[in-house]
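Colleague: Shown below is the structure under consideration.
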Amino acid sequence: MAGIIKKQILKHLSRFTKNLSPDKINLSTLKGEGELKNLELDEEVLQNMLDLPTWLAINKVFCNKASIRIPWTKLKTHPICLSLDKVIMEMSTCEEPRSPNGPSPIATASGQSEYGFAEKVVEGISVSVNSIVIRIGAKAFNASFELSQLRIYSVNAHWEHGDLRFTRIQDPQRGEVLTFKEINWQMIRIEADATQSSHLEIMCAPVRLITNQSKIRVTLKRRLKDCNVIATKLVLILDDLLWVLTDSQLKAMVQYAKSLSEAIEKSTEQRKSMAPEPTQSSTVVASAQQVKTTQTSNAPDVNDAIVKLFNDFDVKETSHHLVISHLDLHICDDIHAKEKESNRRITGGAMQLSFTQLTIDYYPYHKAGDSCNHWMYFSDATKTKNGWANELLHEFECNVEMLKQAVKDHNVGSPPKSPTHASPQHTQTEKDYPLKGTCRTPSVLSQQSKAKLMSSSVVVRLADFNIYQVSTAEQCRSSPKSMICCNKKSLYLPQEMSAVYIEFTEYYYPDGKDFPIPSPNLYSQLNALQFTVDERSILWLNQFLLDLKQSLNQFMAVYKLNDNSKSDEHVDVRVDGLMLKFVIPSEVKSECHQDQPRAISIQSSEMIATNTRHCPNCRHSDLEALFQDFKDCDFFSKTYTSFPKSCDNFNLLHPIFQRHAHEQDTKMHEIYKGNITPQLNKNTLKTSAATDVWAVYFSQFWIDYEGMKSGKGRPISFVDSFPLSIWICQPTRYAESQKEPQTCNQVSLNTSQSESSDLAGRLKRKKLLKEYYSTESEPLTNGGQKPSSSDTFFRFSPSSSEADIHLLVHVHKHVSMQINHYQYLLLLFLHESLILLSENLRKDVEAVTGSPASQTSICIGILLRSAELALLLHPVDQANTLKSPVSESVSPVVPDYLPTENGDFLSSKRKQISRDINRIRSVTVNHMSDNRSMSVDLSHIPLKDPLLFKSASDTNLQKGISFMDYLSDKHLGKISEDESSGLVYKSGSGEIGSETSDKKDSFYTDSSSILNYREDSNILSFDSDGNQNILSSTLTSKGNETIESIFKAEDLLPEAASLSENLDISKEETPPVRTLKSQSSLSGKPKERCPPNLAPLCVSYKNMKRSSSQMSLDTISLDSMILEEQLLESDGSDSHMFLEKGNKKNSTTNYRGTAESVNAGANLQNYGETSPDAISTNSEGAQENHDDLMSVVVFKITGVNGEIDIRGEDTEICLQVNQVTPDQLGNISLRHYLCNRPVGSDQKAVIHSKSSPEISLRFESGPGAVIHSLLAEKNGFLQCHIENFSTEFLTSSLMNIQHFLEDETVATVMPMKIQVSNTKINLKDDSPRSSTVSLEPAPVTVHIDHLVVERSDDGSFHIRDSHMLNTGNDLKENVKSDSVLLTSGKYDLKKQRSVTQATQTSPGVPWPSQSANFPEFSFDFTREQLMEENESLKQELAKAKMALAEAHLEKDALLHHIKKMTVE
């Protein structure tokens, strides 16, 4: 009996083993136990059974002892146990892929029989191995894998041990069965070391990695008919891993992986070409269904349950997965590598990388375009990627259809080519390319169109991660800070959302057909990532990666490895970002001001970066509109070479942008133009990565300050949110790609210059493309006719006007910025830090590589319609409180369009306005003291659309202006301020909307006419004497709800033209309307931010004085959200007045001691009697407003055009500003300003902006700036032109701005040259006056025709006029030496009179007449001698100036140090 069984065992095991004889088998038949010793397994059979990749081969497998235990009576429920003691396997890598694997021996043994009892028993075998040692020999290294306590067993669908009958799910209707296996081990030890060779001197440290308990879960789907495996799902699960790698070990790992990459890539291509057809199982399912129909019809309920269970655990396609719950990776420097420490800036550094829930999925056989809902970790990111990829596939299919038609037309219209006339690469057999006759084309195309396009996808997910800053031994021991991390928890994002999601997809045909295939695509999603700039970490990482790259290059050179990376192949890329944050911190000081920020953060709500045109706001039409906006500005024209630009600037608007916007850079465009012969091969529709045009779009982009003590842990706004678009192209790389040898199927890449018709024809109408071009291009003859020599538009040759990278930056909406002194100091410090960091990075690159860093040129264009910069300054000292508030407030600025000789008219006008304001004030005070006071808050009044206004010639006033707008500063001038109220009137400095520099929107309105124009007004009216009339519209109350008093603009504003006589408003000038909203309605960011020193929500406390006829009302508290809702619900013609709680003064007097401060809308405070509770509340609010009081100066900027040219170390910044209008708000509560400031730009100002710029700036730095000054290379050289500029300033604002710009340290000297021409500035002295002085100083108007201010390297300022500037002889130096000097230490400003005396010349006298003043000069010398002498003198003068500048700097530093010591 034993002999018979031995023969059967030999019969089956002989297929797996070598030299197996009966004497090696010990068998106990009754016990069901057997033992085999010294088994040598067959390598090829194991390769087929394990289905190893073809780049790996098994050389030898040996097992010292194997035992088997068979439970004869329980074969259905219990597995056969196979135990192996020690298995040794020797393997090697193949440089060329070996022959593909054959059929599995298990399937062969079953004789293609159906899935029966024997197959179930064999499949349920349980295997245990004490030790497995796998040795792999490769070209560059040797590796070994040692596994201990390996177990292989069958489990149920929930991965639990149990009865064998539950380890499989069989569906007779499908004719398929699912089986579940699990493999686990206690430990795996991995070692790798370089190959020892005498002629190779590559020294690599050995790599040793150890993992703890891990497991693999396998799900197999077989066919019942023949037991063949249809699909497999394999999941490798690794628990917590902690690996420490030195830089030498990491280098070794990268080198080993690189040595295998070429073989793995070849093997992958072989696998794709022999991939199984995905529809094989469908036919089997149908046949199996017919066979099993009679068996399954009897038990429909049971079958439904089986089908449901099978569907729940079905494996629809083969996939492999890696799951790591937590991975800690520590990378550190080699402590023994002393020879490298001299070159390293940071030595002994270590960095920790922590990854949580890392998963990698691989789907090798996914049909292109099919659903991915069955994927293991299907999520919203996968759904978004699928939608984007399907759009790409649809576009590709349309191109293929057009290509087929082009091939057909080409073969019909041209005779067949003979092989002798074609290039060798084009000589193809009829099988490979059968398009030689017109009769065969349709059948071939129909056959190829039925080919099934497959895709291979790799998905990487990362739930959370932390990359910590580098730590060194010199640092104090503390927990490391994050450099890159995920903020999902702080932003309350779903836990199932991945921090990083990356999916890469490639396409192929299973049979390896030479047919067009789509470009691979890469989709990435970044959620709530925060990047923190850490100087030490960036420098250490830069050195680490440079050293790694250098060692890899040496390794590849030694082993003669080819760099087969497909960097030049186009890949469709899309990167989505959600709530990304970029933080730039500053050095933390132990003691700092409460308004001193610790960091600046750059954030965006949503971001898209892509090189495809299938994403929102990144399409061809978006680029076309943006390009047209840039093209409409003369500043960006190639022919614009006037200041601030020059003829050396790059051509920003490169033709690549224009061609891409009109879809003229595609392969199909070239095919229909006749420049490429149409062929149906794999690379016909593929393009180079050099032709990519990238688009980056931020839906909301903003900048905050962080770490301010006054902010109470919340970020403080710096730049309010705005949408941002960036478009990028690479002209230099594109031109280089065109120089490379073209494939022979391309006739030429030249394109006709007749753009007019091409620009109009859009490739979106792809079906009409052929008809369109058939009338434009010449007929093709044999596909070899080249276009004319004039068709050179498409080929770009690199020139000095092209940079490596061109960027178009477009800001779509109005930009608002606010900054105080300490925030300004932070920006200066961060600017210096970033410059130092870039310099250190450049030096490290040169030190590691031994060669200069690559000089990259970048051209950046910036287009901004309007902006607003608010300077938050210290409060201005107020005037004497005993004076009349109106006498100090009324200082109307003389309109520029009025002649200066009209003194009487202006004087009478001032008196009239003063009387008007006094009348309004007295009426308001009396009205408040009459127990009917109220507060009018115009910050929430919805105004009409300014575009709907009638011209001033019809009505003189727009109907949409509310009543209180006429009380604003635009009509009444500057009203004096009240410290107790925390409100301010705006100064009449004009608006952005002024059409020319000579006109301001300052209107002098007869207030009595405004208030008195309709005596029958049922809302509010005053008589001509200023007495109060009846307030007929009583204030109604609804419990504790909002109290509203509605002014109707139609009733308050006249339509009769007779009012125009009292208003003196120009027909062309209409005051712009400001729409004021609460801050909550402005913030488009999904985060909580607050203005400086404010609570998170802007709360307005509203109250009203009650009359006897009114009900008792409680104090009403309204937050900004309620205000916003009511504003949205109200009619646009109504003006809501929310009654605001007044600030109670301690004094009992009725007059106002100091002026009120009201922001852009009159808030009239009540000073009547209040309850004790209200008094305490008011006193707290008054204290809060007083602490929050700041002087605000707003610069409204219109039309900003900028260009930044970077050539290696040289940087040129050209900036042009059409119009700048300062708006001096005076002392104002910061809360009111930030909550009530306008959100958008003034459309009228944008439309009527100046054609000629008021301010032009040019800044140069780097070695190229030495032509201006020796110091300019380091500190830069600034040139500024101010032309046709007209404005007004208060002396208090100028002094405040000076304090704002003061630095804590001695500022570096920046050479500069400033030209001011045709400029007028009105100066108003608003400094505090003594009580004895009743008259205030008259405004001073300064006219500057032409003035030049220069600053040299020694810090001195030189002031001269245009005549001195235009001289070109050597006398210029003498006059320059005699000109007025403004030393940086003293800032001694001389008067204009002393300038004329110091120069001792008259500007009107020509230079030749001045030769008498210089008798020592003789003009007999030749011009060449004089120029040579002049140059030598200039050099000596420059040296002297440098020495003087150093002396000045040293002196200033000492004075600063002495001053600091004195203060301390």
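Glycine is no exception: its Cβ is also placed from the backbone N, Cα and C atoms.
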Colleague: Annotation phosphoserine per Swiss-Prot: which of the candidates S601, S774, S799, S1251 has it?
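Modeller: Among S601, S774, S799, S1251, the one Swiss-Prot marks as phosphoserine is S774.
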Colleague: According to Swiss-Prot, phosphoserine sits on which of S99, S414?
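Modeller: The residue tagged phosphoserine by Swiss-Prot is S414.
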Colleague: Looking at S418, S423, S1327, which residue has the phosphoserine feature per Swiss-Prot?
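Modeller: Checking Swiss-Prot against S418, S423, S1327, the phosphoserine entry points to S418.
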Colleague: When the domain 'Chorein N-terminal' (3-94) is classified with DSSP, how many of its residues are helical, how many are strand and how many are coil?
Modeller: 25 helix, 42 strand, 25 coil
Colleague: What is the average pLDDT across the coiled coil (1418-1456)?
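Modeller: So the average pLDDT across the coiled coil (1418-1456) works out to 81.
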